[in-house]
Amino acid sequence: MPALARGGGRLPLLVVFSAMIFGTITNQDLPVIKCVLINHKNNDSSVGKSSSYPMVMESPEDLGCALRPQSAGTVYEAAAVEVEASASITLQVLVNTPGNISCLWVFKHSSLHCQPHFDLQNRGVVSMVILKMTETQAGEYLLFIQSEATNYTILFTVSIRNTLLYTLRRPYFRKMENQDALVCISESVPEPTVEWVLCDSQGESCKEESPAVVKKEEKVLHELFGTDIRCCARNELGRECTRLFTIDLNRSPQTTLPQLFLKVGEPLWIRCKAVHVNYEFGLTWELEDKALQEGSYFEMSTYSTNRTMIRILFAFVSSVGRNDTGYYTCSSSKHPSQSALVTIVEKGFINATNSSEDYDIDQYEEFCFSVRFKAYPQIRCTWTFSRKSFPCEQKGLNDGYSISKFCNHKHQPGEYIFHAENDDAQFTKMFTLNVRRKPQVLAEASESQASCSSDGYPLPSWTWKKCSDKSPNCTEEITEGVWNRRANRKVFGQWVSSSTLNVSEALRGFLVKCCAYNSLGTSCETILLNSPGPFPFIQDNISFYATIGFCLLFIVVLTMLICHKYKKQFRYESQMQMVQVTGSSDNEYCYVDFREYEYDLKWEFPRENLEFGQVLGSGAFGKVMNATAYGISKTGVSIQVAVKMLKEKADSSEREALMSELKMMTQLGSHENIVNLLGACTLSGPIYLIFEYCCYGDLLNYLRSKREKFHRTWTEIFKEHNFSFYPSFQSHPNSSMPGSREVQIHQDSDPISGLHGNSLHSEDEIEYENQKRLEEEEDLNVLTFEDLLCFAYQVAKGMEFLEFKSCIHRDLAARNVLVTHGKVVKICDFGLARDIMNDSNYVVRGNARLPVKWMAPESLFEGIYTIKSDVWSYGILLWEIFSLGVNPYPGIPVDANFYRLIRNGFKMDQPFYATEEIYFIMQSCWAFDARKRPSFPNLTSFLGCQLADAEEAAFKTREGGVA
């Protein structure tokens, strides 16, 4: 099987497959799980070939798989594996258990199903072969095995011996001492092969310069008169090249030279080349109109075959600094001057537009995705679709930008990802491809109805026509008795819609035609509506059949009543939903059906590592419990978590709804102002969703509990506390004053495998200092206007993140916002643990209990939920915050008069603790026309300014109080 392509988080792994296990016999003398490492001596240096590559196997090494101490018997950990760079190894697990097993390998963001086989001792064998070990392949490998009896998780940790020494660095240039020659150097391990690659002119194929002098990892070139010169270094880790930057004075001055980027500390080399009919000309270098200093340039010259003179003038700096930025100008007495811009940067970069792009193409249209970018150093990139990675090709443009195209999509609709990285930066861009297709219609008919279904893109529309009784010409349009069901869309796929015609007596015996059409064409099916024949009664048994018919009718009616009553019962459904817009209006959307998604087992957490505490909330559908999770964030570290679960008697549809919610949360990503998913337990027991624990409960009760401690200004606090907390300010001069804060957002990070930046302190030290500062601040036990603003700002940031992720909340209220250390608030959806049957905030409307006082008019009267309806709810939440937890629309019961007030544009009065600016925002959120409501990015921007002003005023007040 071919190796997987290199990509963002995906590795060139080769997994050896065999047939599925069907064994039933086990050897009682053998361990249940045995882990083995096999080293290979490769006789072939190629990478990524099929499993038939030539190998010499060494004797297996037993890695001594042992149960983890905190595990209840399902998590095994193998001894650490340390191998040489470029080694080829096999990780192998022997499973001594009866029955069929299935397995899944997981490494970073890559997962792969595997098919075990039997050995001679009737054990299941699961193997993974890693060819040419590199740094990107080092890390933790997880193997999940599911058997008929139990489940196992096996952890391998693989590292490269002396990993810091194994590198491949881009070559750089240096002048040879006492010689006019250039040295190309690559400081790489294993020792690289260095080669000069020359081109006679731009665009010609290049060739290796054979007469070059080789000196270990250095290679010297004396003839530097070619048009295009590159130096390349190659070892087992790959190939890196550096081009000698050249200004050719014989080229047209209109030709734009690309900008040259270098990082601080790197060497600078620029070559100026000129050709003239005789030797009577010279070359000079200037930086920003100042001549270069002696010793920072040298010249070479020669006669060409046609007796013209070639002069080369090099400008060089051994280690550049920021002062070396500027225009380098090469001048000649016989040629127009030309300049190149050199920019010195502190670290590398990737500049490109990262906004997502959607494309609609025809089924056979030629189309390529493309990304235009400017980067330094050169990037490594990959294209990804449906968990598969594809090679990435780059092409340089004349303006200094590069472009990468991907055309191998084979017209498959879906989400395509371009990922690029270099030593200092990463970049990801998302594309969505929709493939237009003419509708395809299928028809069926019964005695009372005729139905047609179709799939196509864009969404098809339906028409029904009646045909003449003597010809198939169908012209008479049918409008009565036609029922079009709401269309559903497969994720990134075709629209599936259907239309039903109720057969009336006037249509019996006629042909009818149903047609589905969109912008690509029309597809029709013709149906013959037969006349009903006589029912075969037997006269002597009329009473018997009548009795049977009556009984059947009674049973059908009774069954319908029971089903109707059952359906009317309130069933669990996550309020938070991810949507996909299907038209130009926000109202044209469909919910993403996560039942079609696969659950990523990297989120799986051993349920044995959970120690449950008290119940945090319980409702009609389930509960949320406090628990201690061992090793969910870091091995050997326990943290408090909140575990969401269904009640014991939950049916299959509710379990499916909870699994869909889990899959949605794994797709959503992480954000500081969202209660983030940490893991889940889905195997061998009830479904648990593990979330962050917020120690101060919901925002509504938090505000109500702090009413007596609220102070509008810091002057009041100074007077009341009489400066008793001032010494704690001085003990941390670098920390912010109590109440001041900087809310940091980390979007799209993975809570399990995210990357962490460098720091001057250890994570434990930073966590300790932050926790200490937060506890000191919270010990004041005060609430200020600045805090209320910060709550509002943080919720807006969280909702901005949800809007970016095409997610709507549908129940945004203070009771669904939690508070944790540092007065950080997080949006949650713990509706299953709320007793909505006895909660007055949830009012029966139709077949559901709804938070009527928080709902936008379009949601209340039309059942339409969009991000703009969440903006309305956010306005109500603002009112809750700045009234310190007063119930909205105080004194107004939810009855016909309430609905009439909402229809007529009624708005609540300004809450007591809100300013005019904040009340203006509330009123903007309550615009009856959803299009006139602000977006969450706008709300975030406005509240950020308000918060900054409040911080500044509070700081001045504190300074005055301390003085």
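For all residues, glycine too, the Cβ spot is worked out from N, Cα and C.
Copied over from TrEMBL:
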TRANSMEM  542-563  transmembrane segment
BINDING   Tyr589, Asn816, Asp829  Mg(2+) binding site
DOMAIN    610-943  domain 'Protein kinase'
BINDING   617-624, Lys644, 692-698, Arg815  ATP binding site
TRANSMEM  673-691  transmembrane segment
ACT_SITE  Asp811  active site, proton acceptor
All-chain count of other Cβ atoms within 10 Å of Lys623 (ATP binding site):
17
Average the per-residue pLDDT over the domain 'Protein kinase' (610-943) and send me the rounded value.
79
Relative to the Cβ position of Asp829 (Mg(2+) binding site), how many further Cβ atoms are located within 10 Å?
20
Name the one residue among Glu692, Asp698, Asp829 whose Cα is closest in three-dimensional space to that of Asp811 (active site, proton acceptor); these are the binding-site residues.
Asp829
Other CB atoms within 10 A, centred on Glu692 (ATP binding site):
19
Just name the most isolated of the binding-site residues Asp698, Asn816, going by other Cβ atoms within 10 Å of its Cβ.
Asp698
Residue pair Cys695 (ATP binding site), Asn816 (Mg(2+) binding site) - Cα distance, angstrom, rounded:
14
Between Asp829 (Mg(2+) binding site) and Gly617 (ATP binding site): CA-CA distance (Å):
12
Indicate whether Glu692 (ATP binding site) is helix, strand or coil by DSSP.
strand
If you measure from the C-alpha of Asn816 (Mg(2+) binding site), which of the binding-site residues Ala620, Lys623, Glu692, Asp698 fall inside 10 Å?
Asp698
Just to verify: the residue among Ala620, Cys695 with the fewest other Cβ atoms within 10 Å, which of the binding-site residues is it?
Cys695
